[in-house]
Amino acid sequence: MVEHNSGKEVNELACRHEGELIPSGKREVAGAVNADTCRELIREAIDSLKYSYTPYSGFKVGAALLTKNHKVYKGCNIENASLTPTNCAERTAFFKAVSEGEKEFLAIAIVGGKDGILEDYCSPCGVCRQVMMEFCNPKNFLVIIAKSEYDYWIYSLEELLPLGFGPANLTK
């Protein structure tokens with residue numbers, strides 16, 4: 001279910017599943033996340049870069065999280081001198097959303113780079129993937145890793161965290 005868009009205009013979000021290109025309408029998200037929505041999330045993630053607090057690494061990360069209710073929560077990374085309390089952009093977005101009552105999510109867009117320059121794709125760290133696992137269906141939650149609104153990869157959380165441990169494991 002990986003799809004890469006590198007500058008080509010697309011009218012519909014598509015994903016790869018077992019090598020076959022599948023339109024988003026055939027996924028459980030039922031078209032809630034189309035190409036326009038992807039681009040809007042990426043723009044919001046890019047906008048949140050300006051709030052990153054990164055005096056130690058200079059590596060700025062921005063995220064935009066889409067809820068089931070179609071609200072967007074933005075997050076940026078916030079560093080700390082002792083490093084351990086540093087919070088990633090993805091977790092900032094999730095914690096903001098959850099603290100305001102949201103618990104169902106469709107997608108997240110992530111951008112990042114040294115000094116906020118988007119030269120490479122910025123994948124979520126393991127801790128952020130685990131936080132996503134807490135609230136999201138790993139088969140359907142989309143992780144959009146972007147360099148620009150027209151150059152991005154789309155993964156399901158399950159692809160980024162295969163055999164992930166989540167709430168369902170504790171109910172067995």
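The backbone N, Cα and C atoms fix where each Cβ goes, glycine too.
Keep in mind that TrEMBL annotations are predicted by a computer and have not been checked by a curator.
These figures come from a predicted structure and were not determined experimentally.
Listed in TrEMBL for this protein:
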| type | residues | note |
| --- | --- | --- |
| ACT_SITE | Glu90 | active site, proton donor |
| BINDING | Cys88, Cys125, Cys128 | Zn(2+) binding site |
| DOMAIN | 36-168 | domain 'CMP/dCMP-type deaminase' |
Spatial separation of the residue listed as 'active site, proton donor' from Cys125 (Zn(2+) binding site) - C-alpha basis, Å: 9
Proximal but sequence-remote residues of the same chain as Glu90 (active site, proton donor) (Cβ under 8 Å, at least 6 apart): Val61, Ala63, Leu65, Gly75, Ile108, Ile110, Pro124, Cys128, Val131, Met132
Count of other CB atoms lying within 10 Å of the CB belonging to Cys128 (Zn(2+) binding site): 26
Binding-site residues compared (Cys88, Cys125) - highest count of Cβ atoms within 10 Å: Cys88
Helix, strand and coil counts within the domain 'CMP/dCMP-type deaminase' (36-168) (DSSP): 43 helix, 40 strand, 50 coil
The domain 'CMP/dCMP-type deaminase' (36-168) [mean pLDDT, rounded to integer]: 96
Listed in sequence order, residues not in Cys88, Cys125, Cys128 with Cβ within 8 Å of the centre of the Zn(2+) site Cβ atoms: Ala89, Glu90, Arg91, Pro124, Gly126, Val127, Arg129, Val131
